[in-house]
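Reviewing the structure listed below.
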């Protein structure tokens, strides 16, 4: 077997540089002034200036957007994972006639893109539910759209858990709900983390629904970044600093749990 | 919308499987096939209680809006007052004869084809090269995944800055290399804008493709390499004749996901070009959203939604029928 073929390293380095380059560029240029940027677009910060970043962290709008993003993502995750594991459990454990058709409903749900429903959905949320410009107005539909994938990942996982524990508990007189809560939920924690992180990052990054439903102080970070970059388009360094800071939470969360998530997904791809 | 994180998991093979759980080969340790007994009343109640929240959410926020889009597509409606001006299929007629929309369909299809024609060989090639033993492999995998984790909007804002005409880095680097960048910038020149958008999409999604292919390569047994090497096959022959065919199922799944993602493209286009210049990068989703929000042509937006949905389902069904079918048959 090849061990340390130089060509492999060259390719790896090139791919890594291209992947991370623009992000690093944005982060570095956040440390420069716009004059430095104009005179030498590809140079390094010299001297390093912290003004752009400190401006982001002292900008009350930034904290407002970050709070909104955090709350919406947390609500979305809680609802999607909660409702998802509830639905996946009987689909994995009970034998009933409609089980497979019911599971098909969730599989088909994957085929409905948000874009198809977005216009009537935003009318429904703002006029019928009176939830426009609220956290719930974004979190509820996002959770609904996250549910199909949550159930599709969780069901096979729950099916693969050994039944014996649950059966023993049932014989000992535990209720089905008790078994679900005390045995199935703790055992499926790894899968719950995977679907939870997926739902959280999808919500943290989402743009379309917030774009149509949130304004002013209720905006989330992606919306804030996009608006900031058009409003202060002349302040390139400021925009890059703002953008860099906005990416950090999702990046840290995802990368720290990456091994777990990728393993979960690999299992799913192999079916 | 773009290739979302989640559908990596779609097991399309299962779609018309009557009862995957009851296959004798179902990989569920400790699970014996058992005769089904009549479901008791109590159990039925439990099932309903368990499944109800999920079904209610999906009915309210997915099924109902989609049904409303269909209804909306049959009326002329400006967003206020009762929806009572029934126009039959006239909105569809208008959408399908609107050059901006037909162009948008073409743009989506171009992205579908380009993704498969360019990202697939690139992704497979890089995955094959990275699959060899090397130091720091874990770190490399983590770093190439970074663009995928960024929000499409944020990636778009960064690339918008990089692609600013004259003062942007890309133009700077090109001039430095002696190439004259286009006057209006890559995003401002109608003939180049779609390519520029595709380039940024490739940057964002190639890492996911590489990672999936690397995952697929894990399941190619080491003995295969050794056996072929003993028979005198070169590295390239082994990859091309043996490893890539074994990667087939992963490649077909990736193509499916990429296709669905390309059809729903919105965020990136909206941030980079807004669909311009001169509608050169409009997609079906950006068309229907600008019709629905900026022009209040709700009937037109509804009709465009339905067309987008029908194209997506038709392509998914065809793909499932002609391509993914093979995996199901081979695996059984």
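Keep in mind that glycine also has a Cβ here, set from the backbone N, Cα and C atoms.
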Per TrEMBL record, range annotated transmembrane segment [choices A:135-154, A:155-174]: A:135-154
Interface-richest range of A:103-123, A:135-154, A:236-257 toward the transmembrane segment (A:7-28), CB pairs under 8 Å: A:236-257
Cβ pairs under 8 Å between the transmembrane segment (A:103-123) and the transmembrane segment (A:236-257), at least three: no
Cβ-Cβ under 8 Å with the transmembrane segment (A:191-216): same-chain residues at least 6 beyond its ends: 68-69, 72-74, 76-77, 80-81, 84-85, 114-115, 118, 121-122, 125-126, 132-133, 137-139, 141-143, 146, 149-150, 153-154, 157-158, 185, 222-223, 226, 249-250, 253-254, 257, 260-261, 264-265
